[in-house]
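Engineer: First, the structure itself, so that you have it in front of you.
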Amino acid sequence: MPGERLAVRDASEVGRFPGVAPPTRVELTIHKEGEKKEEEGGCRRWLRKAFPCCCQRQNSASLDVTDRVELVAPPTPPLLPEPPKSTPENGELKEMEEMKLSVCSVDLLSSKTGQNRAEHHTDMYHGDELIVRRGQSFQIEVEFNRPFDTDTDKLHLDMRTGPLPTVSKGTHATVLLVDSPEDKRWAAKIVEQSGNKVKLSVNSPASAVCGLYGLTVTCGATTGEATTTHSCSRNIVVLFNPWCEEDTVFLDDEEERKEYVLNDTGRIYYGTEKQIGARTWNFGQFHEGVLEACLFILEKSNIPPSGRGDPVNVVRVISAMINAQDDLGVLVGNWSGDYSDGVSPTAWSSSVEILRKYHSSDGFPVSYGQCWVFSGVTTTVLRCLGIPARSVTNFQSAHDTDVSLTTDIYLDENMDPIDYLNSDSVWNFHVWNDCWMARPDLPPGHGGWQAVDSTPQETSQGTFRCGPASISAIRSGQVFLKYDTPFVFAEVNSDKIYWQRNLDGTFSQIYSEKKAVGHYISTKAMGSDERADITHLYKHQEGKQTAQIREDSGDEDVRYGSKPNTYSSPVAEDVSVEVKIDDEGARMGADAQLSILVKNLSSHPRRTTLHSQVAVMYYTGVVKGTIKKEQISVELQPNEEKTIEWVLPYQQYQNQLVDQAALMLTLSGRVNETQQVLANQTTFRLRTPDLTIKPLGEAVVGKEMAAKITFTNPLPRMLVGVVFRVEGLGLQKGHEVVVGDVGAHSTVTLTEHFIPTQPGPRKLVASLDCKQLTQVHGVADIVVLEK
């Protein structure tokens with residue numbers, strides 16, 4: 001079209017982070033063949049003869065072209081002859097222009113192998129952006145049009161973050177040039193000068209807002225003449241700094257920093273307290289695209305940029321944003337068993353694909369997640385932002401729905417569970433996170449590890465989130481301290497209270513179980529793949545001091561709940577019932593066998609009838625349905641103990657199981673002679689086989705190698721629609737392999753070929769997904785050599 005104008009964006013805006021400088025615009029005018037040329041008037045002809053370089057004809061008769069593209073300068077007033085006046089000679093004018101200081105370029109010295117990234121422990125992040133940690137100096141290099149003179153020249157930097165940067169909010173920092181920078185403020189000093197180049201050391205405060213900053217350099221003369229400003233085409237990412245003593249996330253042990261900040265793989269525990277399973281998880285906080293996704297999550301959360309300097313605030317926001325329950329966050333929770341329109345939670349083994357998928361879709365939630373997936377992604381985001389974090393599993397984890405700080409179990413007149421009333425539940429396991437920080441918002445002594453949970457269970461201040469709750473406060477029973485301390489306290493400390501329905505419809509408390517929840521609280525050990533038991537951090541050790549501890553900090557806490565008068569007078573207890581699981585327990589496809597141990601601790605005979613009921617359950621404690629009931633008569637002589645073998649045939653559960661293959665055996669009864677109530681709930685799972693992964697060939701950067709993945713179907717029936725998911729950080733990107741149907745007891749072998757890209761110890765992780773069998777996974781440790 002005639003007069004068509006095109007806008008071309010500056011190349012500086014193309015890259016991982018958009019530039020803060022306004023785009024350069026180039027206007028193009030296109031004339032089509034056959035258009036009528038504008039007639040040239042007399043004044044125009046005179047101007048063209050007087051000033052030929054300024055008034056060239058737009059179409060020359062000597063050029064015969066179909067289309068002609070010319071750059072058109074912005075309109076300027078007509079040039080008219082002026083009376084002669086005194087002006088500097090050409091040489092003097094040029095000298096004056098050269099004397100005026102201006103910035104030619106800014107080098108952020110952001111190479112992964114450079115000093116900045118190494119000193120700030122950010123050299124593992126993908127790409128060559130300048131990624132620094134607050135409270136620590138970094139260097140940049142500025143090139144001027146002439147040598148910088150400290151006596152006559154001046155300069156300052158402006159660091160801006162957020163849509164409306166302001167000095168009062170901490171989102172606009174004016175960085176002045178000083179001789180001796182102070183640790184608690186933005187400042188810069190010259191550390192090296194060579195020719196027209198000056199190297200600056202820039203210091204940021206340990207309380208600086210974290211996020212994406214734009215940088216501009218302003219320079220001029222000390223005499224107050226006009227200044228010039230140069231906008232850097234690349235941005236700077238500022239993270240939290242666990243290496244800085246003044247930062248509230250400071251962690252003073254280097255080995256802990258390596259584990260809880262720099263380690264990009266880990267272990268997440270699942271199963272039951274008697275059958276603890278472990279799976280490798282790729283956190284991948286340094287992987288390509290993950291940092292951008294984490295910054296995107298902060299932006300999408302609508303947390304004001306001024307609030308991104310407080311880790312308490314940031315962690316609370318991340319807890320809400322990892323789930324999609326009420327704010328279109330990262331992951332959709334699904335415990336239904338139907339994942340046909342997404343990915344089964346048990347199929348994930350990495351946070352990378354989840355975060356990149358969320359970012360690339362501009363914030364469309366990813367399907368699906370359950371607690372260990374929420375926790376794995378939370379660990380990734382917090383470590384990526386510089387906040388020390390770890391995934392933590394609590395076995396027999398209570399879910400208190402009525403803030404009573406107890407877990408209530410209701411039975412009918414025949415001692416059978418009343419499912420519709422049992423809204424409180426005890427999860428076989430629940431995975432959340434610990435993160436490390438000081439807590440200046442709490443009384444002294446409550447800093448250190450804080451519990452934060454991104455799984456949407458209950459709302460906190462109207463939003464599905466939980467924490468950060470001080471573990472010190474949880475352990476000492478100070479449930480009145482923020483945030484969400486009562487909920488986490490109940491998860492690890494609440495007692496099971498059994499209620500029986502009376503004939504008139506009322507309920508009476510018949511039994512209390514004080515050691516029923518909060519067992520084997522586990523996380524990956526520092527520096528190894530072993531399991532570390534951290535129960536002692538969350539609760540006092542059970543034992544001879546239990547009574548005193550409960551008097552000091554246990555039962556007292558129930559007064560803060562909604563049922564302060566729960567505890568009744570204790571009853572005599574001289575008969576006990578316990579369920580034991582041999583070795584690793586029953587395997588999927590075989591009969592499940594348990595042992596019920598009943599003891600008479602008195603010097604008198606005892607008789608009871610145990611009501612046994614086994615139900616299929618989700619790992620969250622929600623019962624799907626009962627599959628077997630029976631009554632067991634037990635007669636005990638004085639001081640006698642009996643072992644009763646209990647069996648659940650494969651045929652009775654084969655078509656009933658749900659995710660995690662979890663079952664719950666409930667035993668209840670009364671001792672005839674004393675009316676003592678016997679109650680016990682035991683959860684167990686049917687173990688699934690592991691994938692076997694065997695590396696083939698030498699592992700060298702840039703050299704192709706292979707790995708053989710083997711799986712044997714343990715069931716006497718066909719598996720339909722089997723899919724493998726394989727990923728290895730520094731080895732190969734995550735991808736799916738569709739296997740199809742696998743016959744009964746058949747073996748599948750898959751050979752993966754890949755080229756390692758990073759040296760050092762690496763892990764190749766694989767998982768299997770199909771409707772009939774879940775929680776099947778495997779890992780291989782591979783040490784990759786330099787090329």
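The backbone N, Cα and C atoms fix where each Cβ goes, and this holds for glycine too.
Nobody curates TrEMBL annotations by hand; they come from automatic prediction.
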Engineer: Can you dig out which of the ranges 1-23, 300-322, 346-368, 484-506 TrEMBL describes as region 'Disordered'?
Structural biologist: 1-23
Engineer: Measuring Cα to Cα, how many angstrom lie between CYS371 (active site) and ASP453 (active site)?
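Structural biologist: Cα of CYS371 (active site) to Cα of ASP453 (active site) measures 9 Å after rounding.
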Engineer: How do the residues of the domain 'Transglutaminase-like' (363-456) split into helix, strand and coil according to DSSP?
Structural biologist: 18 helix, 41 strand, 35 coil
Engineer: To the nearest Å, how far is the Cα of ASP453 (active site) from the Cα of HIS430 (active site)?
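Structural biologist: Cα to Cα, ASP453 (active site) and HIS430 (active site) are separated by 10 Å.
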Engineer: 10 Å Cβ neighbour count around CYS371 (active site)?
Structural biologist: 28
Engineer: Drop a 10 Å sphere on every Cβ of the active-site residues HIS430, ASP453 and tell me which sphere holds the fewest other Cβ atoms.
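Structural biologist: Lowest Cβ count within 10 Å among the active-site residues (HIS430, ASP453) is HIS430.
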